[in-house]
Amino acid sequence: MKIVIKLSPEITIKSRAIRIFFIKILITNIKTILKKNNESASIIRNWDYLEVICNHSKYQKICAMLINIPGIHHLLLIKKHMFRSLQDIYEKIILSLNYEIQLSGKSFCVRVKRCGKHNFTSQEVEHYLGNKLCQNIGNIRVNLTKPEKTIYLEIKDNQLFIIIKRYEGLGGFPIGTQQEMLSLISGGFDSAVASYMLIRRGCKVNYCFFNLGGDMHTVEVCRVIYFLWNKFSSSHKIKFISIDFSEVIKEITAKIKDNQIGVVLKRMMIRSASLVANRYKITALITGEVLGQVSSQTLSNLTLIDSVSDHVIFRPLIAYDKEKIIDLARKIGTEILSKSVPEYCGIISKKSTAKTTKQLIEFEENNFDFTVLNRAVSQSYVIDVQNIPDQIINQHVFQVETKKILDSTDVVLDIRTEIEQEKNPLYLNNIEIKKIPFYNLIDQFSKLDPNKIYLLYCDHGIMSRLQVMYLHRQGFSNVKIYRPPR
């Protein structure tokens, strides 16, 4: 058995030189991610697909990594056979997959893709195999529109590929095939999804964060940033730039009229991000703005916001509805994290005008002391996103006891997602384990026995630490972290 990686269709239509360039970058990205996760595999490059050969026990884990790498359209977990005839194909299917059991009492269809020279067509193979299966397996029927079971095959010359399972990938382009960008991220639904969309298009997306709410704001936003990096772009080193905007906010609220604050604040952010982008030779910015979503995002106001920068500003969500954005956030996994991030910009600018003018904005900004803005940018700090847990989250969270050796009275709360719990179950001898995904923990923790000590468990300890922080803020002290000894 092996994994076949099908390239994004947009890669396959490139010229030969560009196609080879993109594939080489994709292979490098795959190898980097496998190495980071202490996995090894052989990658064989073909013209229109890649083959991954690895230990049989690692297939599921490696597939889970590959489906989140930009540039991969889908994965096929396949068995490969040589064949001589259609009867040979039929026997290979029945012998290798026990379809007598899988198809019994169900509707099915056969789908075949074929390339090479043969004396039969793809449709003839489908028809032949369908007939043979119906003749030899009782109580089954063909359904070409909504089958309960679909048998996928690919034929290349005299090779037969039986597709055991198909996994959908991200599509798009491999990271590194496009230029670097700087995302103005607030941690909310919009900026997180906008960042993901440009990552998917092959951009190395760095993050610029304007801290409006202190340490807790930083921690909440860093959860989102680290999640995006860890899931979709850990093949690259990504910068996190944090700018303390508290003094800028004070200056704006003291000097700018209420109805102009929204646009002026956004202009100050774009100015600051442009200075940061110049420092790191980044040519484009990303925002999560949506046309007409709030008063500062009307066409006339966006034009005024753009005018303070020479950089291209990408707004991939410009025509999206909020419902569609949240659906995409849910799909990529940022929805739950973004829910906990307050919208500080909206709190600061509640009465923004929907249509201001250049003259009015410039008149208001004449009252603003730009040394405050320049000082904020000059005092910004930069770290590698992969160091966020150690350099930001752990430093801003009070010390919490971490246990490696458990007592028989301890109760472990497995706070991983249900999918993670199923893929890699936690087994502990004589220890009570409760499965409560982190997104349900806040609501369910108050229902637990307050006289017991609970230890939170996740794969890397990051989510456990964050959840302990939230629980302590709500007054719960009977909670610690469980990190099993390596």
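Positions of Cβ are set from backbone N, Cα and C atoms, glycine also.
Here is what Swiss-Prot records for this protein:
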type	residues	note
DOMAIN	60-166	domain 'THUMP'
BINDING	Leu184, Ile185, Lys266, Gly288, Gln297	ATP binding site
DISULFID	Cys345-Cys458	disulfide bond
DOMAIN	406-484	domain 'Rhodanese'
ACT_SITE	Cys458	active site, cysteine persulfide intermediate
Site extent for ATP, whole Å (max Cα pair distance, Leu184, Ile185, Lys266, Gly288, Gln297): 16
Candidates Ile185, Lys266, Gly288 (binding-site residues) - the one closest to Cys458 (disulfide bond) by CA: Ile185
Secondary structure at Gly288 (ATP binding site), reduced by DSSP to three states: coil
DSSP-assigned states of the domain 'THUMP' (60-166) in counts, ordered helix, strand, coil: 39 helix, 38 strand, 30 coil
Other CB atoms, at most 10 A from the CB of Leu184 (ATP binding site): 23
Recorded positions listed as Ile185, Cys458, least Cβ neighbours within 10 Å: Cys458
Gly288 (ATP binding site), number of other Cβ atoms within 10 Å: 25
Helix, strand or coil at Ile185 (ATP binding site) [DSSP, three-state]: coil
Assigned element (helix, strand, coil) containing Lys266 (ATP binding site), judged by DSSP: helix
Helix, strand and coil totals (DSSP H, G, I; E, B; other) for the domain 'Rhodanese' (406-484): 26 helix, 16 strand, 37 coil
Lys266 (ATP binding site), number of other Cβ atoms within 10 Å: 24
CB within-chain contacts under 8 A for Gln297 (ATP binding site), separation at least 6: Glu289, Val290, Leu291
